[in-house]
Every structure is written in structure tokens, then in C-alpha cells.
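Report on the following structure.
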Ligand code: ADP
Ligand code: ZN
Ligand code: ZN
């Protein structure tokens, strides 16, 4: 008997393992690992994914239930990805089914209409009853006629080509184009033309066209190029001379765009030095991780492109991850420009159907390169030659919901499997990565100079405390106003960057920049309006809200934060004639809005681009010569141990937006704490100095990369319940973990309540804790299974990026 091990789509602790099902004989060829199936489960029919198959001898005691039917005819997950899902669910403590599903396009998860498409001609006689009306029929019909196994057998013997597709209903999107082709032997065409009456000129013309055409012709083309109406086609179809044909097309999000082909540039000596070890690893097919550390504009992307070129030459494939936010058309153009149709693009701006199409190109091996955001790391390539993660320090590579994976970790697993290089690129590498490169775990490659030795923009740090002292209470310093004015006169463009305040509020002295920090954790404390006190969200240290500054006794100490709208009003007041484009969550909500606003700015339709984080990356317009950062401090004082790192990265990145081309750029950074190293060093763009300084702090306060972290979140509708369970979990960990680990908490989470659920958290810092996963699993399971804890939700985040 053939038996399949199936992971069923029921996310629950006690069901998080595979179940055995009998494979019905007729499906034996089709049901293999990686195929999705419908199986009986209790009284229901549910979906599942086959992860393994094996032979079982007859003497089974209790009869196995049989699989109802397959949902695919070719595996949607490769053996590698099935194995990767095991590792993911183990390492991130998520359900197996969640790890499998994260690798599949959304179109497959929802209930969409499934169709069988016959892609080859002619139709073999046994399938005529199925494809009577056309080459696309419903899955149900194919099942009803019991033809799927035969289709699959023929396809495997390469006698026909067919595919299962998901029809995603989308407005204004065509997926199938109607074509016309001959329905009679080509030799008979002249004969038919002669038979037509003289007034049927258009019909004759159509037959002439079809006679000379090997393939079918799209109807829109006939109408547009030859002026042939649908009525003409219909009358020939009625006579049985021509027939309609549905030809499926990919929804191409870049349809209306021409890509200028680019050629590889001769590499500079530095680029050459960096690419040699990478190409060696490609050549030898050995797994190695590289950290390509190079300032913006130093030519990293060109190194990626030429590496991919070698990989393609070997017949292998490449995955390139870029942060969602920098998946701008500009970035995509560079890959499409070099590799044309061999590139698939995956980003969240695509509709479900578009994403599915791109995924399918990968699955059918029609493309060799995928450029995409985080989830593109799961591209179902089977012969990977390189994985590239650009801007590797970006926190968007970490998924915040289950499975809480980091794309970098997945890249390393896949790199090891395929024995290929993994390249992490950044101008401001994460501390973790740079530390690994220092230790030799990664090979460090450096690009120290900008192309053509173009200067980095000059950065001026403006002390806002001084501004206040000299009577300027506006959010714009005198210097920034002056430079903005100057740019408007010169008809050059400016970018104003407002660091988003985030969720929390901190209290700062506007006279001296003092911010209250927790003495234990070196984090800024958060102001709580309700209790009117300051709290540390790692260790729960509390203090009173100061009314005067403890440093300078000023009374200008208060809650801090500004929105983009307020800034826009202020710009209108200062420069009534300025044309401003505002980019924030409010103005970029709609699909395509982001791109539209950017290209309007590129066309010079505005003088000032005002925005939050989302404008920090990827902007590369020649006319931008001024970048202003309105308040560099807001991110610095988030209650997050990475606050300094994020501030440094962001400021460096924002500064990189100015003067990327011929015109030199200037940057103004406004701050109340100019002496803070992450602000001071971003002025000189000195990453190494920043790294050394920050490592000292991380060591002193026991943070990564010196310690690993795991965050446990507990939530419940009743505050007491949440608190007491958090208490239990903490003491369980205290009892079971080694004494070298540090357990902080439980404390109320920085976001203390979401959707009326109270949230508590507990943070574990550890260096080596081999049993931790085991204990965490136990915790997670207990709260899933224990009915008395109904309503409790416990989530675990291993190596968290968001500590709220
Ligand atoms: P990064 O990815 O490090 O920001 P890019 O690869 O985008 O840097 O390079 C910056 C600019 O320099 C681009 O306009 C690119 O076309 C150009 N460039 C890169 N490499 C070379 C080269 N070897 N010769 C000439 N120009 C180059
Ligand atoms: Zn002060
Ligand atoms: Zn603290």
C-alpha cells in the first residue's frame, strides 16, 4: 500500500504532526511529496500537504483513511523546501502548516477557482469530451470525467502540456486573451476564400492573414492592426472555418514599460577585488557567506549583477532580496535591464494574481532570477547559484507574524543546501553581521569609495537647543530655512525627512536635550499618561515625570513628537510658494500611490518631498541637492536597544539621498542631542567608529551580538490573568534555565493593550541555552492545550526585532 504523510491545515498544538493517509491507486503517480491534497479529517474535508510517502505492508491493524483527491498535479514545494519547513517550525516555534504555507503564494491559500489548461495542440481524442469548448476547463469537470490521472500520465510522457491554474478574480485585469486560429487544414484555405461571396472582403482578408500565420492571432491585434471586426470573425466561426481560442497571458505589472538593456561595466579595482572570492565560491559550488560592506554608490549593485551573470552562465538561478521599500521601479529596472525576461519580481504592491503569476514563472522555470522582498527567499528554485540580500541590516527582513523567520537565516539554510554563496550587502551592516565578519564567520568584502570618487554630501548637524536659546521656536532651524530658500531659487529639489515618532512618547528637555534613561537597561523611559509616570519596558523600573530638567533645571521639558501634516502646514507658512509632495501612510495607502508620487517628484512637479521612513531609501534623482532631517532624536529614544543603530543607519541612508549625481549635495540634521555618537558619527558617515562605540554599550548591557534574545509575549482580556500567567512563565524559566541566562520581566509590554487584550512580556538574554527550545515548546503547548487558560495567548519570538 502507498501511504502519504500529510500535514493538515489545522493549526493546533496537538495536531502539529503528520497523519498517514492511504494513496488511492489511481493517484499513485500524482501524489508525491510537495503535492497538496484534500483529506477527510473527522467529519470534515480539509486541505493538507504531503511531506513524505512510503510503502506499508498489508497487515495494518486499523484501516487508514484514504486521500480524497490531489489539489495539484505537480509538487508545489520541492523536497528542499519541505525540509526547510521542518527547520523553520523547529527554530521559530511555529506550526508546521504555517511554515509550509508561508512558502506558497497567497492565491493558493484562498478558495479560488481552479482550472485545467491544455497548452499543447492537437487535443488527443480521449480528452475531446473535456476540451470540447476550449482549452480551459474547470477542475471539477476534469475530476468528474476522471481524466486528471490520464492527463498527468500523458504530460509526464511529454505527449501533452497542461497546467493547473488558479483563477483569481480581479477587476479590470485580463488573464485570458481571445485568439483566433484556423479550424480547417491550411491547404484548404484558398478553396474557402474562393467560395466566399465578393462582398465578404474582410472575411477573405482574415483568412489570408491566418493562412500565412503559423500560430493563432489575438483578436485585439486583428481589430487594431487590420480593422477586422468581431462580427467578421464570428461569421467565419459559424461556418466552422476558424475557431476561437483562449490564450492565457501573465498579468505583467511592468507591461507598459520598456527596459533599456544594459551591459556589464568594467569593474573598478575595488569591485574586482570584492567579486573574485564570490565568483570562486560560485565556481566551486561551495557555501560561503559574504558581507559586502560598501558605502552607498560604491557599486555594490554592479557586483551583484555580474555575480548573477556568472551564475546564469552556469545554468543556475539567483535570488535577490531588497527591502520592500526600495523595490522601486528604479531598482527593478537595473535587474530587468541586465537580464530582461529572465527576471521575476515579487513585492507587496502586486495583486494576489500578479504575485501568483510571478511565482508560477519561477515554478515553471521560465525565469532564472527573482528580485523581491522578504518572502522571495522561498522562491522554488532547484538549482540556486547565489542568494543576495541587499541592505541586509533592514528590519523588514524579519517577519513579525508566524513563522517569525529572518530572511537572512533562511538564506543561510538554503545556501548550505545548494552549496552556493550568500551575499549580505550594506553600507551600514547590522551589528550582528559585522561582528560575525570580524570573527571570520562571514568573509568581509569592502568597497570603500564612491564611484568616480564622488564626494559624500557634506553634513551639518544643527543643535536645536541653540535655536531655542536664540528665540527660534519653530521646527525649522535658521540654517534649514536658508538652504530651502536657496534651493527653491536655484530650482533644485529638497527632501525633508521626518522621523516617525513610533508608538511611544518620551520626555525631553528642549533646553539641553536631556532624556530620562533607565539605569539598568540604558533605554529611554516611556511616558505613561494614565499613571503619569516614566517606565522602563524591559525591566519595569519606574520614576516620576520630571517637571524640571534634572540636568539643567529648565522647565522646557516635555513630551515630544510631530506629525507630517503639522510640518506641511509649517512649510506652507514659511514658503507659501513651495510645491510640496507629502509621503506618509495617509498619502500612500492606495496601490501605486507611492510610485506615482515619486515619479511626480522626479519630473520636477514639486520643490520639496516631505516624508517618513519610506523616503529614506532608493531615491536616486539628480536634482536632489538638499536633504533635511527635522528631528533626528525621535528614533534615538525609542525603548529599543537597537535605537542607536537604527538612528545611525537611517541618518546615513537619508544623507545618501543628496548629491548622488553631478550637483553636490548638502545635508542638515536637526537634533537636540548633537553629542550622541550615533548622530555625531552619522555626520561623518563613520561606520567603523560607530560600530566600535556601539559594541561597547551592547557588551556592557548584555545585548546582541554578545547575547541572544528571546521574547515571550502573553496576552489576555483580563489584566490580572495576563500578569499571573506571565509570572508563571517567568518563574518556570528561572527554574529551568542555566544561571548564566538573564530573565527580565514580566513587565507590561510597551504597547500595553491591543484590541482590549492586556499584554505582558518577558525577555530572556542568553549565550548558550541548548534546552531553551524544548522549554519554550513546552510553554507554547501548554497554553494551547489547557482549556482552563482559555483566551490566553502566548507567543514566542526568537531573535526579536520588535520589542513591543
Ligand atoms: P550601490 O549599490 O553600492 O549603491 P551602485 O552599484 O548603484 O552602488 O553604483 C553607483 C553608480 O555607479 C551607479 O550609477 C552605477 O551604474 C555606477 N557604477 C557601478 N559600477 C561601475 C563601474 N565599474 N564603472 C562605472 N560606473 C559604475
Ligand atoms: Zn535640560
Ligand atoms: Zn530597565
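Placement of Cβ uses the backbone N, Cα and C atoms for every residue, glycine included.
Listed in TrEMBL:
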| type | residues | note |
| --- | --- | --- |
| DOMAIN | 281-447 | domain 'Helicase ATP-binding' |
| BINDING | 509, 512, 549, 552 | Zn(2+) 1 binding site |
| BINDING | 518, 521, 536, 539 | Zn(2+) 2 binding site |
| DOMAIN | 544-696 | domain 'Helicase C-terminal' |
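Structural mapping of features recorded in TrEMBL.
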residue : record                : contacts (Cβ under 8 Å, 6+ apart)
509     : Zn(2+) 1 binding site : 515, 549, 551, 552, 554, 556, 557, 672
512     : Zn(2+) 1 binding site : 465, 549, 551, 552, 554
518     : Zn(2+) 2 binding site : 524, 525, 536, 538, 539, 541
521     : Zn(2+) 2 binding site : 536, 538, 539, 541, 641, 701
Highest Cβ count within 10 Å among the binding-site residues 536, 549, 552: which residue is it?
536
Could you please provide the mean pLDDT value for the domain 'Helicase ATP-binding' (281-447)?
93
Within 10 angstroms of the C-beta of residue 539 (Zn(2+) 2 binding site), what count of other C-beta atoms is obtained when all protein chains are considered?
16
Filtering 512, 518, 521, 536, 539, 549 (binding-site residues) by proximity to ligand 3: which pass a Cβ cutoff of under 6 Å to any of its atoms?
518, 521, 536, 539
Taking ligand 2 as the reference, state which of the binding-site residues 512, 521, 539, 549, 552 have a Cβ closer than 6 Å to one of its atoms.
512, 549, 552
Determine which residues of this chain, when 518, 521, 536, 539 are set aside, have a Cβ within 8 Å of the centroid of the Zn(2+) 2 site's Cβ atoms, and list them as they appear in the sequence.
519, 520, 522, 523, 525, 537, 538, 540, 541
DSSP output for residue 512 (Zn(2+) 1 binding site) maps to coil
